[in-house]
Amino acid sequence: MLNPLSINCLVLALLCTWALCNAQSDSDSPKIQLRLAGEKRKHYEGRVEVLYDGEWGTVCDDDFSIYAAQVVCRELGFMDAVSWLPSAKYGRGEGRIWLDNLHCTGSEKSLAQCESNGFGVSDCKHSEDVGVVCSQKRIPGFNFNVNNVDHGLNVQVEDVRIRATYSNRKRIPITEGFVEVKDGGKWRQICSEEWTQMNSRVICGMYGFPDEKNINIRPYKLLAKRRKKNYWGFSVNCTGNEADLSDCKLGREIELRGNNTCRKGMPTVVSCMPGRGFAPSVSIGFRKAYRVEQPLVRLRGGALIGEGRVEVLKNGEWGTVCDDKWNIRAATVVCRELGFGSAKEALSGAKMGQGIGSVHMNEVECSGFEKSLTECHFNRDSVGCSHEEDAAVKCNVPAMGFNTRLRLSGGRNPSEGRVEVLAERNGSLVWGTVCSDSWGTMEAMVVCRQLGLGFANHAFQETWYWQGDSSSQAVVMSGVRCSGTEMTLDQCLHHGKHVICPNGGGRFAAGVSCTLTAPDLVLSAQVVEQTTYLEDRPLYALQCAQEERCLSTTSDNADPTSYRRLLRFSSQIHNNGLSDFRPRASPHSWVWHECHRHYHSMEVFTYYDLLSLNGTKVAEGHKASFCLEDTYCDEGIQKRYECANFGSQGITVGCWDTYRHDIDCQWIDITDVKPGDYILQVVINPNYEVAESDYTNNVMKCRSRYDGHRIWTYNCHIGETNALRTHFLL
């Protein structure tokens, strides 16, 4: 029988053996290094690549698990893994497939400690390369392995900032200051010895600026001498076309003097050039800001500033870009061209809604230094590309403090509420309400965008039913009229300091509700062009239409046996957005029309106008939403809205509502129009009753020639065209 002393010695021996085995196991594990690679990715996600025996290779997705992903992410300095993706979702890698049939418990310190077939033993192809998505949060104080910088280790730090001097901290936006990185939980300066202009370009891009500019470093040098410094021990090597510092390579270890000082330099300083829309003042905006003459690229359908579907102008027609080979480098060219910084994300698969018209560019490949996307190499043949593959971007935007001057209060959730503005009154800043006179969807759209909440869902002119006492707050803004393109509410037309609000604030304070997705209605120009014709009908057969004001006013006193000449056509209206189009009014407030025996969910859904060539209206019609429903849908999409049995009304994403040429009010009454050349114009949702992601495609125009007996309609187009603009050559 063992005595207690013997038992203690035995336990101690076992513990020592276990610790020794574990230590030996750690030391016996092959030395590897990991990185995330691939296209269409952020810095915390990508294809898993392993450096082993001096060669980079990939990992097969066979038996891969979230536990293996956790090991990968922690080895790279991230707190945890969010998910993993099989089948080369980040593109196919090259070289060896180092690891296959990985079995990890999640507690391993390195992927090399997980069970596998052994390094280089695999029956996989690169179509099975695995990828991971890590949490964005870094491990505080994580010490990155910098022994293999020659093999292309990327910069890995917890955070980056531009630290402005005290005198510049109140400037908006902050465009210059010391560059600092957060590593090991502490902010550190970067020695300027090997700092380059390309490094500055990348930093500026991260902060929403399209380019860097020269700076007088003398005052910064004087300031640095008086400050205590804590340098980061490495240099950075950027080529200038990276979207983020994490995409740059880690340079050599910098030799620092005693007291952690830079031998031949000082703390790095950058100065950035803002885009025109973000310049600190009007003069800088026009003189010193980054400028592009007549950009040939625009963004559409984005919920926030600096994001949207990429559209390109060619031969006077706006078209889209196919997402084949679309990557962060091409997206960054777009962002910089439009006065933003580098791209946060390159989106594919029509993530910002489907465009219309032609697909102008395919397989775009950029170096990253082009001034315009149109300078990049691309395939002129877009055969096989559809609008389901429209490319989009999310850009880095300067910190303008937009959401510090505006807020929502009293709503049921953070995305709705009474609009309150920070304004100066009697020498102090106070929060006040906005008068709801003339308050509508366009004004609400600007508020939601300014707060980073997306699109407007509703614009409220009465907010008494929300929490809080708005009657005690002063009205500080009135007469607000927005075009919808402004970045902030104070950029809209308004009364200024002379507030005029007849109804007062209180219960009539303006309010909004916001949403990150919106519908986008587009009329088929081709259907209109192909179905236009004239019909003469006796007035007595048009009583219902006359009751609903679908005829010219001259019909009011006309002989019932007289004829009206009607310009008829069909309209097919698609919802290309990311959410269903629903009438603003709730069903209980829909108007019943006895003559046609149906509800009008929107009193005016479209305007039909015949214009002279100088834009003067010569005949008009309007179309109430007889019934919004899904007539047809794309393959795989289920109809949701049907008018039968007084059902719910709307148009589902990917569906369209068709109004045939032979139904009442689907016309313009041209009885009084003289022969000549005209413009046929159709406007959908003309009063902006329902918020959409893009209103520019709500207008369709056609050329029309009327000889008194027949009419020809031709050259129909949607939205804006400008044949006088400079176009790129294909």
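Cβ from N, Cα, C; glycine included.
Whatever TrEMBL says is automated annotation, not expert-curated.
Among the features that TrEMBL reports, disulfide bond is placed at CYS60-CYS124 (among others).
Counting every protein chain shown, the Cβ of CYS73 (disulfide bond) has 25 other Cβ atoms within 10 Å. Taken from TrEMBL, the feature disulfide bond covers CYS73-CYS134 (among others).
The disulfide bond annotation in TrEMBL covers CYS104-CYS114 (among others). The number of other CB atoms found within 10 A of the CB of CYS104 (disulfide bond), across every protein chain shown, is 21.
The annotation disulfide bond is assigned in TrEMBL to CYS238-CYS248 (among others). Within the same chain, residues at least six positions away from CYS238 (disulfide bond) with a Cβ under 8 Å of its Cβ are THR196, MET198, ASN199, ARG201, VAL202, LEU245, ASP247, CYS248, LYS249.
Shown in sequence order, ALA330, VAL333, VAL364, GLU365, CYS366, SER367, GLU370 are the residues of the chain, 6+ apart in sequence, with a C-beta less than 8 angstroms from the C-beta of CYS376 (disulfide bond). The disulfide bond annotation in TrEMBL covers CYS366-CYS376 (among others).
In the shown protein chains, 19 other C-beta atoms lie within 10 A of the C-beta of CYS492 (disulfide bond). What TrEMBL lists as disulfide bond is CYS482-CYS492 (among others).
TrEMBL lists 34-135 (among others) with the feature domain 'SRCR'.
Among the features that TrEMBL reports, domain 'SRCR' is placed at 162-273 (among others).
Confidence over the domain 'SRCR' (297-396), given as mean pLDDT on the 0 to 100 scale, stands at 92. The annotation domain 'SRCR' is assigned in TrEMBL to 297-396 (among others).
Taken from TrEMBL, the feature domain 'SRCR' covers 406-515 (among others).
Under the heading signal peptide, TrEMBL lists 1-23.
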Q: May I ask for the distance between CYS60 (disulfide bond) and CYS104 (disulfide bond), taken between their Cα atoms and rounded to an integer number of Å?
A: 14
Q: Report the same-chain neighbours of CYS114 (disulfide bond): residues 6+ apart in sequence with Cβ closer than 8 Å to its Cβ, ordered by sequence.
A: ALA68, VAL71, LEU102, HIS103, CYS104, THR105, GLU108
Q. Of CYS134, CYS366, the disulfide-bonded residues given in the record, which has the fewest other CB atoms within 10 A of its CB?
A. CYS366
Q. So of all those disulfide-bonded residues, CYS73, CYS124, CYS134, which one's Cα sits nearest to CYS492 (disulfide bond)?
A. CYS134
(Q) A 10 Å Cβ contact count, applied to the disulfide-bonded residues CYS60, CYS248, CYS482: which residue has the minimum? (A) CYS248
Q: Compute the C-alpha separation of CYS73 (disulfide bond) from CYS124 (disulfide bond), stating it in Å without decimals.
A: 23
Q: Specify the count of other C-beta atoms within 10 Å of the C-beta of CYS124 (disulfide bond).
A: 18
